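Comments concern the structure below.
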């Protein structure tokens, strides 16, 4: 069982570490711009770091759920790769947003595409799981013909 989900677990742990990094950046920005909790407003430089962290945190549960469903029901490697792309895009998003609101846009779109791909993989995997066995075998046979490397 562990071998079947090791990549998903590694990407999950990397995601948790990335969330911790974002939180530490907010703590650092609070000190640099003298914004004490519970305040969430201050100079624009602080607010951008704060918003970037909050935005990343808001999407993290969606990311985790789709990562695991796609990895278990579709393909672990494909889901893990999409997960890595998503996390890298979120890191770039955070770094860009910390510098300027405009610099967040390209990584935001990249992370959204990766997340939607995970949603699609999860949905396809679940659909295949619930199809009758004969229909599933026929569809997988055709898919293997079209995509021999898969």
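Any Cβ shown, glycine's included, is placed from N, Cα and C.
Features as listed in Swiss-Prot:
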ACT_SITE  31  active site, proton donor
ACT_SITE  104  active site, proton acceptor
BINDING   30, 51, 52, 53, 54, 55, 58, 59, 93, 94, 95, 96, 97  glutathione binding site
MOD_RES   36  phosphoserine
TOPO_DOM  1-6  topological domain 'Cytoplasmic'
TOPO_DOM  28-48  topological domain 'Lumenal'
TOPO_DOM  70-73  topological domain 'Cytoplasmic'
TOPO_DOM  95-104  topological domain 'Lumenal'
TOPO_DOM  125-150  topological domain 'Cytoplasmic'
TRANSMEM  7-27  transmembrane segment
TRANSMEM  49-69  transmembrane segment
TRANSMEM  74-94  transmembrane segment
TRANSMEM  105-124  transmembrane segment
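As a whole number, the greatest separation of Cα atoms within the glutathione-binding residue list 30, 51, 52, 53, 54, 55, 58, 59, 93, 94, 95, 96, 97 is 23 Å. If you take every residue in the topological domain 'Cytoplasmic' (70-73) and average the pLDDT, you get 98. Helix, strand and coil content of the topological domain 'Cytoplasmic' (125-150), in residues and according to DSSP, is 20 helix, 0 strand, 6 coil. Sequence-distant contacts of the transmembrane segment (105-124) (same chain, six or more residues past either end, CB-CB distance under 8 Å): 59, 62-63, 66-67, 69-70, 73-75, 78-79, 82-83, 85-86, 89-93, 96.
Cβ neighbour count for residue 93 (glutathione binding site): 24 (other Cβ atoms within 10 Å of its Cβ, all protein chains included). Here the topological domain 'Lumenal' (28-48) is broken down by DSSP into helix, strand and coil counts: 11 helix, 0 strand, 10 coil. For residue 58 (glutathione binding site), the nearest of the recorded positions 31, 36, 104 in terms of C-alpha separation is 104.
Distant neighbours of the topological domain 'Lumenal' (28-48): 97-101; these residues of the same chain sit at least 6 beyond its ends, with a Cβ under 8 Å from one of its Cβ atoms.
Looking only at the binding-site residues 30, 52, 54, 95, 97, the one with its C-alpha closest to residue 36 (phosphoserine) is 30. The Cβ neighbour count for residue 54 (glutathione binding site), using a 10 Å radius and every protein chain shown, is 12. Residue 54 (glutathione binding site) sits 18 Å from residue 31 (active site, proton donor), taking the C-alpha atoms as the reference points.
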